[in-house]
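Worksheet: the structure to be examined is printed underneath.
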Ligand code: GLU
């Protein structure tokens, strides 16, 4: 069977760099295996899920360079989940429970005081039909739990039952089904928690590999049991380590910190963000990959480390700068246009080749464009000796066409004329030409300006 993966965010906020890690692990794994990538919105929580978040997540993935082969919404697949729930109920594997959160908490404390594991004791399995009817008459609606296969004949005597799988990230894994409570699959209001819909979708969408964060390892034990209860075969699983903020704190969709949207808005390159999202917390050296092909090649799903990895947003700057310095004009043309640069101007391409070494982010080039085409935007601060020197120096600009050799010839002439050298020699000229004390190589700038424009800038 060909490889099929899915990225399954719940659209309850903006995805952050840690979610992008999961999406990219799936995307790169699919690319390495000639597989398919499904974007599946886990939006069964009608109250918290918002269409605008789903749109933004799709846009964020596009920005990162991920193009799903299919997009699905769990909210539109309720019939499938209901069918699966009915099947489990008929088999006696999904049972109604009426406890309130307070009652559950009280029982949990009693179990702890008796040195029993604080898991659900399956008391609801003992309810008679009359007792259930009485609860319903009281206005209680049941929530439904999945009876985990962790016992021989007596559900009240669970035994150690290890579920094993060969995790494609972490290696051999096992979870003891007796160490957990029967999971609630359907809430009291009839809505589904993610556990059952996820398994039903993975079966019906023929997902071959579930790649997700290691906060789901325990769920995997219960989900493998669910696959079997529904007559399906569990896919392969891979659980990668999570990213935390530099402070060690977990990333949250709700806080908006390090959201893909905000990183895009801050002018970072998609490949900077993608490279860091994937390579942080792995044994592969971190560098900014030029494109998705390079990242696909560098990606090794088994290289992710076991423990949580700190994502330091300061790393974004350095990596982005390196990447930007190597970007060709065609790769940034649209963004330069968005930033207000006339990309059809005959100078635009040469301008980019020159200025990219002076910017950390592509949009910063827009600062320089008016300086090149129209003149200094800051007031040139030349006075006294420097002003006199610069004026005289403009008189010895070499004759003829201005090219890459002009700057050297010009400063040689200005040096002979003034006796200045080093900074005192070139800085007044830089300031006269650009209004700034730093910037692009002047040997590159002069041909871009041309003779007439240079002389027009004589202070
Ligand atoms: N909606 C779940 C999450 O975002 C999906 C987990 C999974 O991939 O199965 O954590």
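Here the Cβ of each residue, glycine as well, is placed from N, Cα and C on the backbone.
Please treat TrEMBL annotations as automatic predictions, because they have not gone through curation.
Given the ranges 9-19, 20-30, the record in TrEMBL names 9-19 as motif ''HIGH' region'. The range from 250-254, 255-259, 260-264, 265-269 that TrEMBL describes as motif ''KMSKS' region' is residues 250-254. Mean pLDDT for the motif ''HIGH' region' (9-19) in this predicted model: 95. Just so you know, the Cβ of residue 253 (ATP binding site) picks up 19 other Cβ atoms within 10 Å once every protein chain is counted. Residues of the same chain lying 6 or more positions beyond the ends of the motif ''KMSKS' region' (250-254) and with a Cβ under 8 Å from any Cβ of it are 12-19, 242-244, 311.
Annotation note: residue 253 (ATP binding site) sits in a coil segment as assigned by DSSP.
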